[in-house]
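According to TrEMBL, the protein carries these features:
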- 83: active site, proton donor (ACT_SITE)
- 39-101: disulfide bond (DISULFID)
- 113-122: disulfide bond (DISULFID)
- 221-253: disulfide bond (DISULFID)
- 166-176: domain 'Glycoside hydrolase family 19 catalytic' (DOMAIN)
């Protein structure tokens with residue numbers, strides 16, 4: 001956004017904080033139970049950290065018209081809610097009121113080290129299991145996330161579960177960053193996704209379902225009525241309603257091939 005100062009010199013105004021679209025009250029009504037005693041992440045995921053983290057990614061929630069902005073924020077919060085949920089079918093206030101209950105993967109099955117990745121080599125004794133709101137996993141994600149955000153993701157992956165601001169930054173970094181051949185989740189939600197020939201052949205159409213494909217398509221997409229996909233959709237539908245915005249088309253990825 002350009003404006004001219006009193007001396008006529010062109011300057012660039014910082015985009016507005018997304019706090020005008022998501023107040024602390026709305027945030028708390030979305031995450032009704034995140035600070036319950038039942039949640040291991042209680043008192044970790046706070047509103048201030050989320051807003052501060054978002055300022056590091058000025059295009060997030062600030063691209064397109066108001067409905068598009070709200071829809072993107074709702075979609076991001078819905079996806080991180082699925083990744084960190086403590087909800088269950090008969091949970092108080094419903095299964096979709098329990099996002100941000102976990103900050104770390106429980107009982108990881110491995111240390112998520114891809115030893116074939118020489119660009120981001122694992123550090124001895126470190127585990128790259130899921131941490132933070134997006135459940136950042138694998139050395140090849142911790143390494144570049146740390147480089148982009150200013151922490152040593154390979155030597156100190158634990159910081160993602162120990163620092164609320166860094167935790168939210170990693171979630172937004174994953175959301176905003178294109179990892180070819182995948183587009184960024186951000187570009188999909190704001191209408192900037194341009195499908196390649198391979199995308200068209202794989203039926204990867206724009207919408208919330210494509211975001212799920214980007215995040216975990218190898219395990220969840222191309223499957224009719226997958227429970228995990230439906231859980232992600234359930235969060236999104238609840239949050240879109242709270243934001244007073246429609247969800248848009250193509251909510252699932254049942255007919256999409258993974259990347």
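Glycine is no exception: its Cβ is also placed from the backbone N, Cα and C atoms.
Quick caveat, the model's predicted, so the values are computed rather than measured.
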Separation of alpha carbons, residue 221 (disulfide bond) and residue 83 (active site, proton donor) (Å):
16
By CA distance, which of the disulfide-bonded residues (39, 101, 113, 122) lies nearest to residue 253 (disulfide bond)?
101
Looking at Cβ-Cβ distances, which residues of the chain lie under 8 angstroms from residue 122 (disulfide bond) while being 6 or more apart from it?
111, 113, 114, 115, 128, 139, 154
Quick check on the disulfide-bonded residues 113, 253: which one has the highest count of other Cβ atoms within 10 Å of its Cβ?
253
Averaging the pLDDT values of the domain 'Glycoside hydrolase family 19 catalytic' (166-176) gives 98
Cα-Cα, whole number of Å: residue 101 (disulfide bond) versus residue 221 (disulfide bond)?
25
Around the Cβ of residue 39 (disulfide bond), the count of other Cβ atoms that are within 10 Å:
22
If you count other CB atoms within 10 A of each CB, which of 101, 221 wins among these disulfide-bonded residues?
221
Rounded to a whole number, how many Å is the Cα of residue 39 (disulfide bond) away from the Cα of residue 221 (disulfide bond)?
29
DSSP helix, strand and coil counts for the domain 'Glycoside hydrolase family 19 catalytic' (166-176)?
11 helix, 0 strand, 0 coil
